[in-house]
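What follows is a single structure, written as C-alpha cells, with notes after it.
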Amino acid sequence: MKDLTVAEVRLTPILVADPPLLNTQGVHQPYTPRLIVEVVTAGGATGVGETYGDTKYLELARSFARRLPGHPVSDLNGLLALAGALPLDGHRTDGSVDVGGLRGVQTADKLRLSVVSGFEVACLDALGRTLGMPVHALLGGKVRDRVEYSAYLFYRWAAHPGGEAAGSDDWGAALDPGGIVAQARRFAADHGFGSFKLKGGVFPPEEEVAAVRALAEAFPGRPLRLDPNGAWSVETSLKVADELRDVLEYLEDPTTGTPAMAEVAARAGGLPLATNMCVTTFPEIAEAFTAGAVQVLLSDHHYWGGLRNTQQLAAVCRAFGVGVSMHSNTHLGVSLAAMTHVAATVPGLEHACDTHYPWQTEDVLTERIAFLDGAVTVPDAPGLGVTLDRDRLDALHRRWLADDGSMRDRDDAAAMRRADPRWETPSVPRW
Ligand SMILES: O=C([O-])C(=O)C[C@H](O)[C@@H](O)C(=O)[O-]
Ligand SMILES: [Mg+2]
C-alpha cells in the first residue's frame, strides 16, 4: 500500500470574480477570496480542498498546514483534534456574527472547523486517489446517483459600481419581479433547475413577496424559497408567511436569532422555516430544535468542519425530525464536488441544495462541473473526481498577490459604499 503520510501542504489564496449580487448587507465585491488547499502524500497522491480565503481563515490555515506533515491522510479524526489545538488570536472571533451575519455566529471553534473543512476534503481526495475510490465511497457509499441543486436568484446590478471588467457578465440587472423571473427562466433553460431560491432582504418585503408571486405564476407548483437573511421582525415575517404560505417550500431565516425564529415558526401556520444563520454550530442545535425554531437545517461542510461532520449533522437532524438541505457561499468547483459527494451519502435529503456556482465565471478546474436537469451527477472517479488547472489557479493567485488588500476579506457593506458612500450595515430588524 502506498504511503499515506502527508509530505507537503500547499495553500493558494486566490481572488475569484464575483458578480454584483445584492443582499441585505450590501453587494458582493468584484472579487471574493477563496483558499485552495493541496495535500501531497509521501506515496505521491495529491488531494485538493477549498474553503474561505479571508485573512483570518488564511492565517489559521497556514498554522494548520505547518502541523500537518507526518499525519496520514486517513486520520480524519486526528485532523479535528489537530485543529482543536490550534492557537487562535482572540480578536479574530470577538464579533458575535461573521460577515455581517451571513455566516452566522462567529466562534473560535467554528473558525477552526471552517479551516479544517478544506483540509479534510483534500485528505479525502488524496486518500481516494490512492485507494482508487471516490470520496462518497470513503464516506460510506452513495445513496443516490445525482444531487439536485436549486437556482439561486439574486437581485443584482448589471455591473459593479467601480466597473471592474473581470466581474462583468451578460446577465444584466434584475431589480424587480420581471427581472427575477427572467433570471429564473435563464437558470432553468441553461441548467434545468426546477426549484428556485430568491435572496431577499434587499427591498421592502412587499416587493419581494411580489417577486415570489411572479415566480409562482411563471413556474407553477415548483419549490420556491425566500431568504432575507434575518432582516425582518417577527411581525413582518408572519405577514410574509401569510402571503406566501401557499407557494413556499420553506421560508429561510426570516428573522434573527433562535427565540424570534421559534416565535415565527409557532405562528406561521405550518410553513417550514429553514436556517443557515441561527444554527451553524453543534452547540446551537439543542435550543433551536427543542424550541421548534427550525424545520429545515441548511448544512454547509465549510461551517460544520467537513464532510463527515455534515453526515453527523444530518443524523442529528433525522433524530429530531428536522429536514436537511445545503447552504452555499460563493464557491468554485472543488467545493461543488465536495458538496455533491457528501450530499450523495445523506439519506432523506429532500430539498435541492443551494449553490452559487452558476454565478461564477471563473474556476480552478480543467473542466467546469455541469448541471443536467438541475442536478450534478455523482462522480465515481477516484477522490473528488476533479482536476486542478494549474494555470488558472496561478492566474487567480496572481490577482490575489496584486491586490492592495481591499478584496482579501469579504465585505459586502464596503462594496456597497462604492455606490452609496453613506451606506452602513443595516441593523436588524430592517423591516
Ligand atoms: O443562504 C444564505 O444565507 C447565503 O447564501 C449567504 C450568502 O452570503 C448570500 O447571502 C450571498 O452570497 O450574498
Ligand atoms: Mg440563507
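Just so you know, glycine gets a Cβ as well, placed from its N, Cα and C.
Ranges compared are 190-211, 344-365, 410-431, and TrEMBL records region 'Disordered' for 410-431. With respect to ligand 1, the binding-site residues Y152, D227, N229, N329, R410 contribute D227, N229, N329 as residues with a C-beta closer than 6 angstroms to one of its atoms, given in sequence order. In this structure, the C-alpha atom of N329 (substrate binding site) lies 12 angstrom from that of K199 (active site, proton acceptor). DSSP gives K199 (active site, proton acceptor) a strand state. H327 (substrate binding site) and K199 (active site, proton acceptor) have their C-alpha atoms 12 Å apart, to the nearest angstrom. Listed binding-site residues: N229, N329. The one with the lowest count of other Cβ atoms within 10 Å of its Cβ is N329. Largest Cα to Cα distance within the recorded substrate binders H28, T107, Y152, K197, D227, P228, N229, N276, H327, S328, N329, H356, R410: about 28 Å as a whole number. Comparing K199 (active site, proton acceptor) with D227 (substrate binding site), their Cα atoms are 5 Å apart once rounded.
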